[in-house]
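Here's what TrEMBL has on this protein:
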- B:7-24: transmembrane segment (TRANSMEM)
- B:30-51: transmembrane segment (TRANSMEM)
- B:81-100: transmembrane segment (TRANSMEM)
- B:109-127: transmembrane segment (TRANSMEM)
- B:163-183: transmembrane segment (TRANSMEM)
- B:215-233: transmembrane segment (TRANSMEM)
- B:253-276: transmembrane segment (TRANSMEM)
- B:288-310: transmembrane segment (TRANSMEM)
Amino acid sequence: MRNTTASAMALLLALPVAAQAEIRLGASVSATGPAAFLGDPEAKTIEMMVEDINEAGGIDGEQIALTLYDDGGDPNKARTFATRLVEDDEVVAIIGGSTTGTTMSILDVAEDEGIPFISLAGAISIVDPVREYVFKTPHTDRMACEKIFSDMQAQGISRIGMISGTDGFGASMQAQCKDVAGDQGIEVLADETYGPQDADTTPQLTRIRNTDGVQAVLNAGFGQGPAIVTRNFAQLGFDIPLYQSHGVASNAFVELVGPEASQGVRLPGTALLIGDRLAEDDPQYQVVNDYTAAYRERYGQDPSTFAGYAHDAVALMVDAMRRADEIAPDAIRDALEATQGFVGTTGVYTFSPEDHLGLDPSDFRMLEITADGWKQID
Amino acid sequence: MTWRNKWLQLAILAIAIAVLPLFFPSGYYYRVGALIFVNALAVVGLVILIGYAGQISLGHAGFAGIGAYACALAPEHLGLHPALSPVLGAVVSGVLALLIGRPILRLKGYYLAVATLGFGILVSMVLTNERALTGGPDGMQVADLGLRAVLRDLGWRLSGGEFWYGASGIVLVLGAWIALNLFDSPTGRAMRALHGSEVAAATVGVDVARQKLRAFVISAVYASVAGSLLALQNGYITPDVAGFLHSVEMVTMAVLGGVGSVLGATLGAAILTLLPQVLTVFAEYEQLVLGAVMILVMIFLPQGLLPSIARRLRGRDE
């Protein structure tokens, strides 16, 4: 008798599952390797969000089946995994590409096979020229430069010294900043670089200090380099402002530099960083604080800006799937492109056939590190 | 190696390449197959250097990088057809190997390993830092070969994966054929002689320096062509291709499969290319499993998988 009941129960339970289709979502991020500081929080975010969405009933009753690969930051592996996602796992959409290199490898496959893809990497070349199936959530380096330069203009600064890391992020931002500087009336008088492993940047900073007329210093880079630059900057006793990039917009940076040396540093960041200081009527208040709370509860730490890129990518994709006529790559792509005013942690996204990034420099918030934390200054 | 043995090895390789697609459940397997062939090609080059001539190189990814970036740069800057760029890459790699090989091949053992290591790192640094030319660490786009379009016009529609599976398979068979021919040629015998004993080889009239250099240049050309094929099929290239880890990976593949055996090298490349794909579920333990496999092979099958297994099959007396 008990057996029969159990079988009947099993049958009852199994039926809805069998009848229920699942939505296959693919992801390839650099959870290990040199870009793990990007990919690890991204992977955590994607896993967490998909689980939460499934628990809340999925998308119109359909569960999301996530296939997540770790490409270790290697573009060659990323391409193989992208091929695997499309050909073998038969996903309807892909999220990932923590670095520009891995993104460029994945987007080739996505374009070839017609699968919508949201990238988590910064380079402007990902969405310029616009590719039919490729979108991205992070600001470009160029926008960060524009944001920083407009703050400089407002402060009456027009001649600056730059110091940049030679890694991918630093080198790319250095080139973009020098490219847009002229348009905003900024003159780059000194242009120094440092290696990503360098333990001291005093000589480069000294050269900048000895350059006549420099009114501010801009440091393009992420990782430990900017922390060392900031400390050296304080040790050398500069009396001009220091601007950092969005690459170091995290509490970990302040901890690394120390409270004293980091004071007064200005940088463009996202709302995610100042979640608890946002006004309650701020459009991003709800989404930023919900996400931060969920992430903190699950992983015991604050989400980084990069994790926020992954959050927005998943949220945008799920939103597009809900609006799409059917769960098929082309329908999802069309819905994604029609996204209007979607509020994420990074900014408010509005995609169009000509714009697959959907943000502008105003989505950045200019922040200053003060004695009691981050302060928005624009 | 007998005449029969040579053709047997080639036949096994060619038939495996031709028959395997019948069992492929999806297009993804073509991609993995193509990657295996590209890696195997570079490893066959190392078989000539390490297995035949008994020299070591920890910098061969440098040559792969040169081959890869030749395909990215030559069409853009020199207006060279993408199909000819691998040839340019091979020539540049060969000449460079000739120039640097002359001084560094005087070194032996660890010293040679360190010198080649230095070369690999130099190439990787140039590719990373010459941002204006190479796009820096973000990498650069590689022009399409255009051969697929030609085939399509001839009425033969191939997907990217299928095309590159076939193309790299054919190049691998060619590469293996050349390597197997070399084995029994006077040059091959001279290389193997100096592997056994440099003094003895010199005594019987082998120009030791010349033969070492020859093996180095040939293996550099193999690595370069492999790098070119990788760049062309990926359509995008970053300095990772020339990285130190890639060099180590190549040597590991050669040693795992059996460093004196062309077929063994292919097997080694296949295993090490497949493992990360099989182990995605245990991604965190991937390095652990790779390391354990290497240690076990070194302890129990010191000649590499294929030669050790072949010997066991034939009986120990041989």
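Glycine is treated like the rest: Cβ placed from N, Cα and C.
Long-range contacts of the transmembrane segment (B:163-183) within its own chain (CB-CB distance under 8 A, at least 6 residues past either end) are made by residues 1, 6, 9-10, 13-14, 17-18, 21, 30-31, 33-34, 37-38, 40-41, 44-45, 47-48, 52, 147-148, 151, 192, 218, 222, 225, 229, 232-233, 262-263, 266. When Cβ-Cβ distances under 8 Å to the transmembrane segment (B:253-276) are tallied for each of B:7-24, B:30-51, B:109-127, the top count falls to B:30-51. Simply put, out of B:7-24, B:109-127, B:215-233, B:215-233 has the most Cβ pairs sitting under 8 Å from the transmembrane segment (B:30-51). For the transmembrane segment (B:7-24), same-chain residues at least 6 beyond its ends with a Cβ under 8 Å from one of its own Cβ atoms are 30, 33, 37, 162, 165, 169, 172-173, 176-177, 180, 262-263, 266.
Residues 34-35, 38-39, 41-42, 44-46, 48-49, 52-53, 55, 57, 60-61, 63-72, 82, 85-86, 89-90, 92-94, 96-98, 101, 105, 142, 144-145, 160, 164, 167-168, 171, 175, 182, 191, 241-242, 250 of the same chain sit 6 or more residues outside the transmembrane segment (B:215-233) yet have a Cβ under 8 Å from a Cβ within it.
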